[in-house]
Amino acid sequence: MKFIDEITLNVKAGKGGNGMIAFRREAHVDRGGPSGGDGGNGGNIYFVGDLGKNTLLHLYLQKSIVGNNGVNGGRKNLYGAAGEDKFIKVPVGTVVYEGQKVIADIVEEKPYLIAKGGRGGRGNTKFKTAKNKAPRISENGLPGESKKLTLVLKVLADVGFVGKPSAGKSTLLSVISNAKPTIADYDFTTLVPQLGLVKYFDNSFVVADLPGLIKGAHQGKGLGIRFLKHIERCKVIANVIDFGDENKNPLQDYQEIRNELKLYNLNLEEKDEVIVANKKDQECFEKKLEEFSKHYPNKKIIAISALKQENLDKLKEALWQSVKNTKDIVFELSEDEEVFINFEADFNVVHLGEGQYLVEGPKIHHFYQRIPLNTHDNLMRFNLILKKMGVWDELIKQGIQIGDSVKIYDYEFVWGNE
């Protein structure tokens, strides 16, 4: 299956159902009152974490998700049914962005609300008052939330294996875990992150073999920055270094890898680290390890041979101790800024010339969507709201005359005395 770890996706929750204008017209019911029911709420869209998924391919092909609309209200005060919620499975470890804001970090197998359905409109029964016992007033259902999202899969593993190509990461993964990665004697055998479960006595933890890094990876060289992001989620970095090749310099390899991690994200520098000195079965190993240890006497270094399966229990113990003592990494959700609604400034009046005026603005648009302008009572309610907001005062201030035209989205009327 193709590995897709970053996609853009449009989501639109369901629209609320419209409220109904209706009156009781039944035999033996004198002066039947309003009986229009409310519309149902639009369906929400949820993302659900799924440990069985490891790619965003299914959503990459889908491109967009549209929620279910609420049903319109009916006669006899019948409420419209709410739109059925949609639950979309995504891999655990997926971070959901709207622009630069993190709106969800999918770290558990549970639903996360992504887009909320629109509220259903009220039917005319809800507008009955002592003064107006037969209202011809209703509301449209509101649109559901619409968002353009970026989904980024950051592999959810406790330990991330990093290192140069052909350092032996895939072989190591295959001998300490249940994973069966591709193993070959050439660079970039691992093309996508490979996960494996490591058991240590009664404990277990997840390791990820990440594609080999080369100098300039943070700028996209090799398999580059695309896979560096997967290390962000790992609690512990296991830096696998080849100490068994006469032509390789473990000290230089280590410094280059650390530098790439530092240049990509300074926080990676602060992660707990275990240096895995691989290929201890080779003749040059001890000499290279001694030289390396002189430069880094305080580093946690575990000497192993993945090929000969030597010293693996000691490595498992070191990794487990690091995992156990490190907190889970969760991406903080962006806090919504507090919004203060100022009705006086929430519209704009534009004089187009030749007796034509345009009124627009977010709050104007909200009420325009909410109130169906199909009855006298609804029109009166809409006009009263505009008057209270100060729209009429602004039109008069700009010099509107009787007979001039006022356009509010698709609604147009002629200015009169009232």
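Including glycine, each Cβ sits where the backbone N, Cα and C put it.
According to Swiss-Prot, the features are:
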type	residues	note
DOMAIN	1-156	domain 'Obg'
DOMAIN	157-324	domain 'OBG-type G'
BINDING	163-170, 188-192, 209-212, 278-281, 305-307	GTP binding site
BINDING	Ser170, Thr190	Mg(2+) binding site
DOMAIN	339-417	domain 'OCT'
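Residue pair Ser305 (GTP binding site) / Ser170 (Mg(2+) binding site) shows a Cα separation of 13 Å. Across the domain 'OCT' (339-417), mean pLDDT in this model comes to 86. In the three-state DSSP scheme, Lys169 (GTP binding site) is classed as helix. Comparing local CB density within 10 A for the binding-site residues Lys169, Lys279, the maximum falls on Lys169. Helix, strand and coil counts from DSSP across the domain 'OCT' (339-417) read 33 helix, 19 strand, 27 coil.
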